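Input: a single structure, listed below in structure tokens.
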Amino acid sequence: MNYRHAYHAGNFADVVKHVVLTRLLEYLKQKDKAFRVVDTHAGIGRYDLSSVEAQKTGEWQGGIGRLIDASFDARAAALLAPYLETVRSLNPEGGVKKYPGSPLLARNLLRKQDRLSAIELHPKDAARLKAEFAGDFQVRVMELDGWLALGAHVPPKEKRGLVLIDPPFEEEGEFARLVDGLIRAHRRWPGGIYALWYPIKDRKAIIAFRKALKQSGIPKILDIEFEIRPASSEPSLDGSGMVVVNPPFTLEAELRTVLPALHKLLAVAKPAHWMLEWLAAE
């Protein structure tokens, strides 16, 4: 448990992940019926971009730092608004010094009938997460292995909602664990929306990951890839991806509007690309 997201909060991968998460939540809110968000690797919830960790890497400057005051066409601006408004709400004096992790972003977008289960294994991070949401009866924070949560907390009693699986990828075999965890959870709750984040570093591992998803028998799998630079010879975060199972029918069109705008802003070298691909149809 050595990974510390404070070094990477607000970077390009966070931006793309959180834009996708926001669009999924906005879709769920179109119906009055309550839903639950299960965040299996929640982190601390709120990040200080003026911290030693964030300043050491400066990664946020190539992510939310480029986005916060950027101009977009009307369609893209409307789709990005819930995400950017949440970030701005943490920075009332302007600029961006605070950044919401996935659980805080989700919490800010919930209605009074919706709930969040935020799961974090690291003891110190779990303690900070509990402090962040102290007294909030819509949020349940648990110090627990997120992989175990896929069995213990799925399906939620609401029978509607979203599972975000965003592991740190600090151990070997994380891609296999993603597939295995998804299969187990989907077997218990086939109607849920699942969003799986992954880093684009090892192309061979990603090819095997995508193949395993195609062979899983799970229908309706949309893969999203977003590169900021072409594949490098040394291991580095060249991009990030998200796999969405049971995506809303609106998601693909929304991303085809938003991703080109984000890519124009965030890509740092050519030829980098973004891509949407269905790994499994209905």
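Glycine is treated like the rest: Cβ placed from N, Cα and C.
Remember, predicted model here, so these are calculated numbers, not experimental data.
Feature annotations, reproduced from TrEMBL:
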ACT_SITE  Asp166  active site, proton acceptor
BINDING   His18, His41, Ser102, Glu120, Asp145, Gly146, Asp166  S-adenosyl-L-methionine binding site
SITE      Tyr3  site 'Interaction with substrate rRNA'
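Separating the Cα atoms of Glu120 (S-adenosyl-L-methionine binding site) and the residue listed as 'active site, proton acceptor' is a whole-number distance of 11 Å. A gap of 9 Å separates the Cα atoms of Ser102 (S-adenosyl-L-methionine binding site) and Asp166 (active site, proton acceptor). Around the residue listed as 'active site, proton acceptor', the C-beta neighbours below 8 angstroms that are at least 6 residues distant in the chain are Lys17, Asp39, Thr40, His41, Ser102, Leu196, Trp197.
Within 10 Å of the C-beta of Glu120 (S-adenosyl-L-methionine binding site) we count 27 further C-beta atoms, all protein chains included. The Cβ of His18 (S-adenosyl-L-methionine binding site) lies under 8 Å from the Cβ of Tyr83, Pro100, Ser102, Leu105, each of which sits 6+ residues away along the same chain.
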